[in-house]
Amino acid sequence: MKMMASRKSLWVLLFIVIFWISFTVFRNPVKLWAVFKLPASFNQWDLIMKSSCPKVPLNPSVSPTETELRIREILEKLNKQIPPRPFAHLNNTTSATHSIATILNPQDTYCVGDQLDILVEARDHLRNRKGYGGDFLRARMSSPALKAGASGKVTDFNNGTYLVSFTLFWEGQVSLSILLMHPSEGVSALWRARNQGYDRIIFSGHFVSGASQVHTDCALVLNSSVELCQYLDAQDQEAFYCVKPPNVPCAAITHMHSKNKDISYLSQQERSLFERSNIAVEIMGKSNVISVSKCNKAVPVKKKCKFGMASAIPTGHVWKNTWNPASCSLAPIKMKDCLRGKLVHLMGDSTMRQWMEYFKSKINTLRPVDLHETGRLQHQLAVDLDEKINIQWQKHGFPLIGSLVYSVKEIENTARIIDRIGGEKNTVIVFSLGQHFRPFPIDVFIRRALSVHRALQRLLLRSPDTLVVLKTENTRELNNDMERFSDFHGYTQYLALKNIFQDLRVGVIDAWDMTVAYGTNDVHPPEEVVRSEINIFLNYIC
């Protein structure tokens, strides 16, 4: 009898366990793997098959988490700066030609170190004064013969007037420029359109299973009723989706490329604002050259730039094609001596890969290590065994835009890479996010930045001596594809990134301000910009 009772108890217990497993799988398949600590990932992404996909990226199913609340908070701040500005006709939008720029307290000659202020009064194409702000302006002073340049600070009074302030860093003939990049009505349209859809870029996933090769559509969001592969970073609740090929497992994905989709969330009238003739139009007019002299002023002695120093606005200026910070001085540092004994992790997009290529070209003892990957986005490693220098570059996770095919076998989010780094005083991390996120709603970018922020918090807790450097996004080409790639999208990301990382001990290289000062409109800045970025980096770590 006791044996029979024991068997009954065992069967009851077994039934309860089976029921619990079935219920857990039904409610949350990822949680089951976490409970048993079983590997359920492919390249750090959990693979889950779904018959449909939500219309927005995956969020935790519980009540709003700290991440969701933080995203909401940042979005609310940005929304306040970019209110809706509907317009009935192009004539009612801001006109660079009819707007008025007035130099305050004009002088025949100015002195180095002075501040020059310009009041801008925005007017529409009918010459009417604008009653609200929000125009996207870019201010720059330059002396082409001296290969000198600096950005100007723009203050928006939200009533149709702006104060543009220039710090006069050098002597000579200086040209002043205030560009109307987009009128406030265009800014409002771009902001609305950006946050409206995830499908301006479509990705093609390449699956290989045996002798068969299949291509299917992939995206951050796929509005499809067919079965999908979900590549989920369960820790940060970030997902990427592909249509599941028939009879091919989700884990068989090997490569990807992307293409622009013929879709727009702008009206025909709004699109007229982004014709090339309406982008980056000069406000200053012809009377834009001033004369600056030394005036026998003493040049203030600045301390050497070092990690953690606060920066001014603007952050510096270009002189003879070399960057000069406003609040500190850059010491000449021998690159090889500085990097001796250091492990340098470069993470991000191709603007960080430019750093890798610069290091390899300037340190002739660095030897590339073949990691048996292919393509422009392959993980790169270069070492100098004698000097114990180790530099590596790794791309960030999805989204990665590129018409060329790239491997996704080893792709993972930057946060997961950081989580694997032990860190110590000779370990340096440099990361950058931005360009590949512009065509998608900004919550995608904010979520990724927050995941990197949390990973860095964990790293600095376990290894506070690790040095972390953030290189901000830079400006890019002024083409006709403003809905996807406008610098306005980059600027909002730049603002969000500075907000997110302000509480961490992170050195900042302000590539945005630098590329405005250099006057480059190139997603891949020229070598003199990369050299200046790396010079700041070397001063931070040595």
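Keep in mind that glycine also has a Cβ here, set from the backbone N, Cα and C atoms.
Now, the feature entries from Swiss-Prot:
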SIGNAL    1-26  signal peptide
CARBOHYD  ASN91  N-linked glycosylation site
CARBOHYD  ASN92  N-linked glycosylation site
CARBOHYD  ASN159  N-linked glycosylation site
CARBOHYD  ASN223  N-linked glycosylation site
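Positions of Swiss-Prot features highlighted on the structure.
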residue	record	Cβ neighbours (10 Å)
ASN91	N-linked glycosylation site	12
ASN92	N-linked glycosylation site	17
ASN159	N-linked glycosylation site	13
ASN223	N-linked glycosylation site	11
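Put simply, ASN159 (N-linked glycosylation site) is 18 Å from ASN91 (N-linked glycosylation site) when counted between their Cα atoms. Cα of ASN92 (N-linked glycosylation site) to Cα of ASN159 (N-linked glycosylation site): a span of 15 Å. Annotated pair ASN223 (N-linked glycosylation site) and ASN159 (N-linked glycosylation site), C-alpha to C-alpha distance, rounded: 42 Å.
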